[in-house]
Structure formats: structure tokens, C-alpha cells
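K.L.:
Starting off with a structure, shown below.
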């Protein structure tokens, strides 16, 4: 059976096109299915105009259109109809995250936008560069910040407590990044607790020693910032435990003495060619002591060894000495090269060396696998690559701060998913911070901090309120030999390695102790002038 030409199907007959006039607006050729109820058409009009169906008055052939029945107002194709009614007001919410453009920011924010992710600089409040550089290096130790944030609230209202609280508040402010901050509260608390930092010369605050600031703030935190077991957090993070062994050739007597310090001294002599040689010199000691066998004073000689290593190791270049001729603290300018990695193994006691052997071997194996993997990657994929390439486990702590659990125990649980391995010390350290001094005397000159960022390894120079990105090559040039900035304090972070839990050493990191902190004895070198390069 065939369909007659010119006759449309019934479903096409139900479709008509209308012209809708609404106020000043006209919508042409609006397709309407008249087989549906008028409410469907009103929904179409709502989509076009925003006038809700319950507010619509639709006039067709002079009659008002109902919702459920077309009645006698069935529209015809091409007909014009009128719509009356006001559109529904749609509330407009302001965007939650308004995009900010650099050109719209205040000039002060634009200036520090590039370095904001690294923190903030600190205003120099009058010869306070020694303090600013010290704070920036301490701030780089993430576990110290975390301990301060959780423990400083209970530090108390005495002078020590106020200094610790001010330190925590300043660290929190530095984390926001951006424009430099004026550390007024910290400076006032520091001078109140340690009046020597408020010394004035002719009405001007005098320059101070950055190492003295570092050590005194450490002692304040040692008193107030305790771990859950009651031991000082700074002891676990920075404490270097030592054993001094002295012997007298004349009396054949010997004795030992245990102690702890927050820094390793680096003595500088004419023949000192590297920082490790300076450490070895500083660990040697000669002391006069009464001999019970001979009944008079004799000379005892010997050296110190390290009996435990901290997660963060601080080396102090002994560049300043007192000149008797002019009663000033002069400076040794001699070039003393240092490395991005420091190995403390040779300075450890025999017992500690034995404990470090296993982790050091594991670290070496991991490094070898990493080197082999890089060689294979350069060659490109091959038929035997998949079979020979072995992924190297993390061999160190580069780019990541040590957890407080690692600081308080010899080893800690490895990353999630491994219950059979723990972190252990290797005796190796990577450089993460430097405090430098520029000038020829301790009572003048300028201090600056250089800090390696844990996020991406970028070196940033904190020169009071100015932040500048630097390279590793520029950092290594801070070894001295002229009037340029030269290293005074070197902050190293321990390189850890995963070892089987049963093999993890038990006395590698500094543990809690009630013993008094005793600085490592090191004779100050007395010369008549500065030593040139």
C-alpha cells in the first residue's frame, strides 16, 4: 500500500511553528507539539524567557491559555501569540575563588611573588643580621618547627618561655611567605633573656656573633621544648654525643669523659686544607691534670670521638680569635673548602663505626643500582633492559626532612607497606644550610643565610629582607679566601637508608638524656693577624 503524495503523517501535523512576542522580545519559529498539554509549551516558554509557568499569561486568539487543555485556542502554524509575565530573578553568587592577576596585586606583593614559596625575609632592626640569618637556618629544620608549634604553648611566662613562644610565632609567620617581616617580638625576647644581645656602642646596637645567638636559642629551647618522653627535642635533633679519651705518657694514666655539644668545631691552621681536617684538629685535646701516681700535675693528651650522631649536624668554622695587640676579635680569612656532603665516619668511636657499617653498605648498594639504572635509561629500551633494570630504593633523605621518630630512635619504621625495614643512619650528611659572614672582624661585617629548599632542592640566599635564588656552585664558593661572604656555620642533614629491622643499629642517633650539655673543648687559635688565601 502506498501513501498519497502531499499528505503528511499525523505526528507531523501535530507540530506547528509559532511566533512568540514577550514585551520587546520576539521569538520566531518556536516549534510546538500541540498533541502535548499546554503546560509543556509553557515549559518551553520558561526556558526561552525565564518566566515561570505559574506567572505566564499566554493569549491565543484573544483567549487565555490554560495549563491542561488547549480548548478553542489551538494554535495554527505561523500564528503569533502574546506572552505576559515577569522573569524569575536568578540569584547570582560571587565566585568563591576569584582569580588574581599579578598586575592587580599591590606592588609589595608583586615584588616578592617569585620567592613567596620559600618563605619571607626579615627586616634588619639595627645590626640584627646575625639574628636573621640564624633564624632562617633554624626555620629550615622542619621537625624543629613542628615541635615548637605543639610544645611552645606550655613554655610559660618566664624569660625563657617568652623567647620560645616568640620563636614559634615567628616561624609560623615565616611560613606564610611573601613580604618581609619585622621580628620585633623575637628580638625583644632575645635581649630580655640574654642581655648581651642588647649591648650598645655610642647609642647604637652592636653587631653580635651568629653562633652565640644560635647556641643560646638552642639552650632556651632545650629547657622548654620537651618530647613526650620528657627529653629535650633539640638534643634529639642536634645533640652530638662524644667521649674524650686522654692519656699521660709520663704517668701511664688515662681517663675518659663523656659529653654532648650542638656543634662540631672546625679549627683552622696554616696547613688546614679542608673542613674535615679542621674537625680532626678540633677533636684533639691536651689538658693538664693531677696525677695520683706521681703526685703532681702532668700533661694528658688524646682526642674526642663521636659516640652517637644527630639527624642534623652543625659545623662551626673557628674563624674568629682574640688579638691581644688591639683587643679585638679578628677573623681568619683562609680558604677552607667544604662539600655538599659530609662524612662523619672517621670521627666516630669504634663501636659506632661497627654499627654504621651495615647501613653504609646498603647505602652504597642503593647508589650503585641508581647509577646502573641511569646508564640503562641513557641507552634506551632494549630486549634485555626489562630483565636487568632494578629499581633503586631510596638511599637517602635528600629533599625530605627527618621525622621526629627518626630523631629520637636509632631506627624507625620504613614507609607504609614495609614492616621489615627501618631507617638507619649512615654517617653521611647533605648540606642544607649555611650562615656566612662578610667582613674582617666579628664586631662588624654582615651575616647572611643560605638555605636549601626541601621541596625542590633550590638554594635561596636570605639577606635580611631580600631573597635571591642561588646555585650549588655559588654556595661552594663560600669557602673563604677574600672579603666575600664565607661560611661560618654549616648545617647538614643526615642521609638515612632502609635496612632490615633486625639489623638496624641501636645507638646511632642521639637519645634522650638528662646529662648536662658540655661543649666540645677546642683551643682557640691565637695568631697575630689574618691569614690570607
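Just so you know, glycine gets a Cβ as well, placed from its N, Cα and C.
Pasting the relevant annotations from TrEMBL:
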- 16-68: domain 'Ubiquitin-like' (DOMAIN)
- 120-495: domain 'USP' (DOMAIN)
- 356-375: compositional bias 'Basic and acidic residues' (COMPBIAS)
- 356-421: region 'Disordered' (REGION)
- 380-400: compositional bias 'Low complexity' (COMPBIAS)
- 409-421: compositional bias 'Low complexity' (COMPBIAS)
K.L.:
Provide the three-state DSSP residue tally for the domain 'Ubiquitin-like' (16-68): helix first, then strand, then coil.
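P.N.:
Tallied per class, the domain 'Ubiquitin-like' (16-68) gives 15 helix, 22 strand, 16 coil.
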K.L.:
According to DSSP, how is the compositional bias 'Basic and acidic residues' (356-375) divided among helix, strand and coil residues?
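P.N.:
Looking at the compositional bias 'Basic and acidic residues' (356-375) with DSSP, the answer is 20 helix, 0 strand, 0 coil.
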K.L.:
Average the per-residue pLDDT over the domain 'Ubiquitin-like' (16-68) and send me the rounded value.
P.N.:
85
